[in-house]
Every structure is written in C-alpha cells, then in structure tokens.
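Asks: This is the feature table in TrEMBL:
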- 6-208: domain 'Phosphoribosyltransferase' (DOMAIN)
- 79, 104, 131, 132, 133, 134, 135, 136, 137, 138, 139, 200: 5-phospho-alpha-D-ribose 1-diphosphate binding site (BINDING)
- 194, 199, 200, 201: uracil binding site (BINDING)
Ligand code: PRP
Ligand code: URA
C-alpha cells in the first residue's frame, strides 16, 4: 500500500486555513497556493538521491553532495494543477513540465480526459503529479493511468486538500504511488465537493465560475 503523508508544518497549515476562507480573492488565493506548493515540494523531494562531486572552493578541494540520478517532471492536472507548478519550479527549476487536461463531468463526477502532452523521456523521470483537490480520486487515477501508459514508473501525487475516499481510491488503483497532501478533510457532499474543503480550486485560482 502506498504511503499517505499529511503535512502538519505550521506554515503549511496556516496558509491552507487562509485560502479555505471564501472571502479570500483570486490574487491572494493564487499567491498562497504558490507558497504552499513550494513548502510541500521541499518535503516531497527529501528522498531524492545525492552523490559526491569534487568542488574547488577558493581555498581547498572538497567532495560535496549534489543531486544524482533521476530527472524530474512536474505534471499538473489542468486546470487547477497549474496553480501549483511555479511554486514547485522555484525549488526544482530544471524539471520538465507535462500537462494532462481533465475535467469532471458535473452530473456523473466521472473525469473526462481532453489533453495529454508529456516530456518525451517521461519513462526516465520521477513524476510529480499535482492537483490541489483529490475528491472522488477519479481524475488522479485517470491521470496516473495516462502516465503509466506512456512509460512513467516512479510517480508521486501532491494535493492541497484530499477526501478520505479519494485517497483510498488512488491507493487501491495505484498502490505504488505515494500521496502527499496538506489537508485530509472529512467527506464529499452530494455534488462531489470536499467538505470543508475550499470550494472549486480551478474557479478560485482563475476567477471563473
Ligand atoms: C477538479 C480538481 C481535480 C478534480 C478532483 O478539477 O482540480 O482535478 O476536480 O475531483 P475528483 O477527485 O473527483 O476527480 P475540475 O474537474 O473542477 O476541473 P478544473 O481544474 O478545470 O476546474
Ligand atoms: N474539485 C474542486 O475544485 N473542489 C472540490 O471540492 C472537489 C473537486
């Protein structure tokens, strides 16, 4: 079974509480999502492999650590996942970006895939799938399916707010994919919204309804 990490860092919790407030406008919402994404990226990359390289400082030659091995890709699930990309890129500027376009049918809540564009060497990269909301889990499962179909083998899922059913659904479908979230909420309402949640993440990020 994959690992679920719920971040209890005070800064992450504080910032998540701010954006849950329905009175927070688009500009502040977008800025804070960006900040939370950076803080989460710091923890999510904790297990990246390192190796020793020789460095010539102004006064000595020394062996020091550098990132080794796997290259990274960040793959947002459109639209809302886009809001987390820049924050992660601040820490991992060399990562490649893929895009998976998906929306939930409002009646059935089933995800509909409309776009997939990934780095060519996705099979050689560790992939960070990002989406602020993990509700039924349908979108995340389908996005991870799309990645695996194209050869990706090492995948992590990063979300801001998750419902228990969404976590369970992803873990069942993809037991090899670890999930990182800032908030594990209570349940879904009859429209598939996370309760208490933060509303529609895409609409709040982009100022649409
Ligand atoms: C939201 C969210 C996830 C999905 C989560 O996207 O960003 O992708 O719903 O729901 P699920 O776990 O039940 O699949 P939405 O379909 O609203 O599209 P948007 O990002 O374009 O607003
Ligand atoms: N998608 C959202 O944007 N918010 C939810 O609460 C559920 C799905």
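Count begins at 1; order follows the chain as displayed.
Quick reminder: no glycine exception, Cβ is built from N, Cα and C everywhere.
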Asks: Could you tell me the C-alpha distance between residue 139 (5-phospho-alpha-D-ribose 1-diphosphate binding site) and residue 201 (uracil binding site) in angstrom, no decimals?
Replies: 14
Asks: For residue 137 (5-phospho-alpha-D-ribose 1-diphosphate binding site), identify the closest of the binding-site residues 194, 199, 200, 201, judging by Cα separation.
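Replies: Among 194, 199, 200, 201, 194.
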Asks: At a 10 Å cut-off from the C-beta of residue 201 (uracil binding site), count the other C-beta atoms across all protein chains.
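Replies: That number is 25.
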Asks: Taking only the Cα atoms, work out how far residue 201 (uracil binding site) lies from residue 131 (5-phospho-alpha-D-ribose 1-diphosphate binding site), in Å, as a whole number.
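Replies: Here the two Cα atoms are 9 Å apart.
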Asks: Which one is closest to residue 135 (5-phospho-alpha-D-ribose 1-diphosphate binding site) in space, judged by CA to CA distance, out of the binding-site residues 194, 199, 200?
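Replies: So, spelling it out, the nearest of the binding-site residues is 194.
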Asks: Which binding-site residues of 133, 139, 194, 199, 201 contact ligand 1 in the sense of C-beta under 6 Å?
Replies: 133, 139, 201
Asks: Take every residue in the domain 'Phosphoribosyltransferase' (6-208), average their pLDDT values, and give the whole-number result.
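Replies: Value for the domain 'Phosphoribosyltransferase' (6-208), mean pLDDT as a whole number: 96.
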Asks: How many whole Å apart are the CA atoms of residue 194 (uracil binding site) and residue 133 (5-phospho-alpha-D-ribose 1-diphosphate binding site)?
Replies: 8
